[in-house]
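Enquirer: Pulled these features from TrEMBL for this protein:
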- 49-347: domain 'Histone deacetylase' (DOMAIN)
- ASP127, GLY177, TYR333: substrate binding site (BINDING)
- HIS169: active site, proton acceptor (ACT_SITE)
- ASP204, HIS206, ASP293: divalent metal cation binding site (BINDING)
Amino acid sequence: WRLILFRRKLTVKIGNFEIENQQSEMDNKIGYIFSPELIQACDKVAIVQKRASMVHSLIASYDLHKKMTCISPKQANQHDLRTFHSESYISHLKSADDSTIANAESDLDSDDDDLPEDSAEYGLGFDCPKIKDLQSFVKIIAGGTISAAKLLTSQTYDTVINWCGGWHHAQRDEASGFCYVNDVVLGITELKKKFERVLYIDLDVHHGDGVENAFSFTPTVLTYSVHHLSQGYFPGTGAISSIGCGKGKGFCVNIPLKEGASNGTFVSVFKRTMPRVITNFRPSVVVIQCGADGLAGDPLGAVFNLTDTAYKECLQIVLELKLPTMILGGGGYNKANTARCWTNLTALVTGQKLDVDIPEHDFFEEYGPDFQLRIEAGYRPDKNSKDYIDALVLEVLDKN
């Protein structure tokens, strides 16, 4: 497998741009997880249709792929999925596929009404509607992040980017929040085979509940999440009082922010709390989920007022640790802004300065009317007062 992964030459096309599995022009050992199958799988998710193609096309339009080594990931298998997900959930994914096949053979329309009767118990339907070839989809998504983890455990790469990863809401036996498999948990489980202490950082506007739940009893994985929390806001978890359980008590850090969080607020809490986390936990490896639904104008996150600057400043702090690092995607429902943000983060990782004018490519018209790479903040007021932030930071520091 390793020979196939690292030696096989891969040339594929994204829009007008060819991506080749070649050694990076820079000696910085950056891996970039990419395959046509992975892009197509992510593009199947209804809420973010076409987003993966937009992200990778914009990255390629700036030639950033030439500053990294493109790696075709291996699909996860049943054993991989079982390292976190329950046997009953995995079996149900197969039964959902079987029902799709049966309906197709009888010429019936395929929709959520055709799912097995107990599908709601497993989170299928609602915000996780049926996807064709669901089992294969799950294995492809999981395989991207597991492959990224293996690149780090083999010490072949120092940093690995997988913008198709970061599906942090899926639970052990339930799909949730557009997430059918928790690739983050599976990737961290793989990292634990090599690294003693894993630091997981979640920048998504929604709390990373699936990852926290998976590791809440262990002291070898510290989960750190900056997010919004208010009544009725999904997933309704991530209170500052949630700090882990049993031997894992003190190894969950939650920083809930109020509406309108600005770059200044977001970066401030990160800079004021992360040093204590690093000093006390002493991580061996870092996983950072860069969900972009905190960007101003996101139609689903809809509460923060961030630009890519906030994400870049937090990621820069992580990169300066000089630890093996996995960078994942996540939420982000303004697809053009998400592509802008993750392209800017890719440029940060590869040390490139990008022209603010977006190059012409297949998705160029999606970036109108200004066709600029920058993301502007909106006019939403920041309801995080200085007193609130000071009290929040003090409580986090007291618990760590």
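In case you wondered, yes, glycine gets a Cβ from its N, Cα and C as well.
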Enquirer: Looking only at ASP127, GLY177, TYR333, the residues listed as binding substrate, what is the longest Cα to Cα distance in Å?
Expert: 14
Enquirer: Cβ within 8 Å of the divalent metal cation site centroid (ASP204, HIS206, ASP293 excluded): which residues?
Expert: VAL205, HIS227, GLY291, GLY294, GLY301, GLY330, GLY331, GLY332
Enquirer: Let me know the model's mean pLDDT on the domain 'Histone deacetylase' (49-347).
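Expert: Within the domain 'Histone deacetylase' (49-347), the model's average pLDDT equals 94.
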Enquirer: Can you tell me which recorded positions out of ASP127, HIS169, GLY177, TYR333 are within 10 A of ASP293 (divalent metal cation binding site) by Cα, answering none if there aren't any?
Expert: TYR333
Enquirer: Excluding ASP127, GLY177, TYR333 themselves, which residues in that chain have a Cβ inside 8 Å of the centre of the Cβ atoms defining the substrate site?
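Expert: Close Cβ neighbours, site residues excluded: ILE47, HIS169, PHE178, HIS206, PHE234, LEU300, GLY331.
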Enquirer: If you count, for each of the binding-site residues ASP127, ASP204, ASP293, the other Cβ atoms lying within 10 Å of its Cβ, which residue has the minimum?
Expert: ASP127
Enquirer: I want to check the contact list for TYR333 (substrate binding site): same chain, sequence separation of six or more, C-beta distance under 8 angstroms. What comes out?
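Expert: ILE47, VAL48, ASP293, ASP298, PRO299, LEU300, GLY301 - these are the non-local Cβ neighbours of TYR333 (substrate binding site), listed in sequence order.
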Enquirer: What are the sequence-distant neighbours of HIS206 (divalent metal cation binding site), meaning same chain, six or more residues apart, C-beta distance under 8 angstroms?
Expert: HIS169, GLY177, HIS227, HIS228, TYR233, PHE234, PRO235, GLY291, ASP293, GLY301, GLY331
Enquirer: About how far apart, in whole Å, are the alpha carbons (Cα) of ASP204 (divalent metal cation binding site) and ASP127 (substrate binding site)?
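Expert: Computed Cα spacing between ASP204 (divalent metal cation binding site) and ASP127 (substrate binding site) is 18 Å.
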Enquirer: Indicate the candidate from HIS169, GLY177 with the smallest number of other Cβ atoms within 10 Å of its Cβ, considering only these recorded positions.
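Expert: Fewest other Cβ atoms within 10 Å, among the recorded positions HIS169, GLY177, is found for GLY177.
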